[in-house]
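A.B. asks: Dumping the structure here so I can ask a few things about it.
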Amino acid sequence: MSLERDLVSPDAEGEESQIEAALRPKRLGEFIGQARVREQLSLVLESALRRGRSPDHMLMSGSPGLGKTTLAMIIAAELSAPLRITSGPALERAGDLAAILSTLAEGEVLFIDEIHRMARPAEEMLYLAMEDFRVDIVVGKGPGATAIPLDIATFTLVGATTRAGLLPAPLRDRFGFTAHMDFYQVEELEQVLHRSARLLGVTLPGEGAHEIARRSRGTPRIANRLLRRVRDFADVRAGGVIDRDIASAALNLYEVDAEGLDRLDRAVLDALLRKFGGGPVGLSTLAVAVGEEPETVEVVAEPFLVRQGLLARTPRGRVATAAAWHHLGMTPPPDAFGATLFD
Ligand SMILES: Nc1ncnc2c1ncn2[C@@H]1O[C@H](COP(=O)(O)OP(=O)(O)OP(=O)(O)O)[C@@H](O)[C@H]1O
């Protein structure tokens, strides 16, 4: 059974995507948190608007559900520019990208989600497009093939990636601005929740918002999702009132623990402690132990566990911290830390 698509999975699908669309902030002023990114971005946008030019290409990096797509939409809205959305896996051949690039309007914002998963030929075409606003269309095959240069409209590429380290340097270097999105503070998530509650017509007292916020893995998408589940619980069992105890009881029911860890997070910690004595253990071995892809463990579970001080990535592998043993109510073996974390 896959643990990936869970209540607290940071990905969104189907009906949820529609609700998400309704909850997305539309302008930079409505975007909560990420103060530094917001300030940097507003300067880039304002200066481009003053000069009457398209801004530099921008890269957003960070864990799923932190607001990269939302920011791309906001960028287009602030520039009053049209927006085209695609994703790395959809760009399998250079022709897929050429079809998009050659039909862009002047000043359009092109958003490529999961840009690190784009196929190589498309990536190479993108270099030229980003730098010279040109694509080379190859006609014919073999020795007789010729490249016909085609000028395209000036556009702004907004790339999003959960794994900036995987981007080839030539691509990374062509972005004029990189926004590193971090997990949100509890107070910021409380603001996200109050805003969403208003839009959804849910009465949310401060203590309920606080309880949901601190168990949302620092991620607005998860906060919004938990809000809806807590609302269901409160409607059915508590006359619609979301106080601290009701929020807590609902989240316990949905297997979100007191620190916001979900089933995948706990499975990773559990395997690390029980099967590998706290580590060090390699990523792929750990992933096999929890029945997941290494990428899922690395992108979805680990960043949050590291941020919570429960797991450390060392050159020799993944290691549980003292807090991890404590979190699962276990006692670390006497030699658990000396030889691993600090050598
Ligand atoms: N700063 C924010 N303020 C308010 N709501 C936010 C904020 N950031 C994200 N959200 C909410 O979280 C949801 C998820 O955001 P978004 O889709 O932009 O994340 P993402 O980083 O692009 O995720 P993915 O990498 O999975 O595509 C949005 O629907 C939006 O409602």
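Heads up, residue numbers simply count up from 1 along the chain you see.
Note: Cβ is positioned from N, Cα and C throughout, glycine not excepted.
According to TrEMBL:
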BINDING   Leu23, Arg24, Gly65, Lys68, Thr69, Thr70, Glu131, Asp132, Phe133, Arg174, Tyr184, Arg221  ATP binding site
BINDING   Thr69  Mg(2+) binding site
BINDING   Arg313, Arg318  DNA binding site
DOMAIN    54-187  domain 'AAA+ ATPase'
REGION    185-255  region 'Small ATPAse domain (RuvB-S)'
REGION    258-343  region 'Head domain (RuvB-H)'
A.B. asks: From Thr69, Phe133, Arg313, which binding-site residues have a C-beta atom under 6 Å away from some atom of ligand 1?
C.D. replies: Thr69
A.B. asks: Using Arg318 (DNA binding site) as the reference point, find which of the binding-site residues Leu23, Gly65, Glu131 has the shortest Cα-to-Cα distance to it.
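C.D. replies: With Cα distances computed to Arg318 (DNA binding site), the winner among Leu23, Gly65, Glu131 is Gly65.
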A.B. asks: Tally of helix, strand and coil residues over the domain 'AAA+ ATPase' (54-187) according to DSSP?
C.D. replies: 51 helix, 36 strand, 47 coil
A.B. asks: Out of Arg313, Arg318, give me whichever of these binding-site residues has the highest number of other Cβ atoms within 10 Å.
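C.D. replies: Ranked by Cβ atoms within 10 Å, first place goes to Arg318.
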A.B. asks: To the nearest Å, how far is the Cα of Glu131 (ATP binding site) from the Cα of Arg313 (DNA binding site)?
C.D. replies: 36
A.B. asks: Within 10 Å of the Cβ of Gly65 (ATP binding site), how many other Cβ atoms are there?
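C.D. replies: There are 28 such Cβ atoms around Gly65 (ATP binding site).
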A.B. asks: Would you kindly give the Cα-Cα distance separating Arg313 (DNA binding site) and Thr69 (ATP binding site), rounded to the nearest Å?
C.D. replies: 28
A.B. asks: Give the residue counts of the region 'Head domain (RuvB-H)' (258-343) per reduced DSSP state, in the order helix, strand, coil.
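C.D. replies: The composition, in the requested order, is 41 helix, 9 strand, 36 coil.
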A.B. asks: What is the total of other Cβ atoms whose distance to the Cβ of Thr69 (ATP binding site) is within 10 Å?
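C.D. replies: Step by step: centre on the Cβ of Thr69 (ATP binding site), count other Cβ atoms within 10 Å, giving 21.
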A.B. asks: Going by a 10 angstroms cut-off between Cβ atoms, which of the binding-site residues Phe133, Tyr184 has the sparsest surroundings?
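C.D. replies: Counting other Cβ atoms within 10 Å of each of the binding-site residues Phe133, Tyr184 gives the minimum at Phe133.
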A.B. asks: Around Leu23 (ATP binding site), how many other CB atoms lie within 10 A of its CB?
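C.D. replies: Excluding its own Cβ, Leu23 (ATP binding site) sees 18 Cβ atoms within 10 Å.
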A.B. asks: Looking only at the region 'Head domain (RuvB-H)' (258-343), report the model's average pLDDT.
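C.D. replies: On average, pLDDT over the region 'Head domain (RuvB-H)' (258-343) sits at 86.
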A.B. asks: DSSP three-state call for Leu23 (ATP binding site): helix, strand or coil?
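C.D. replies: Helix, per DSSP.
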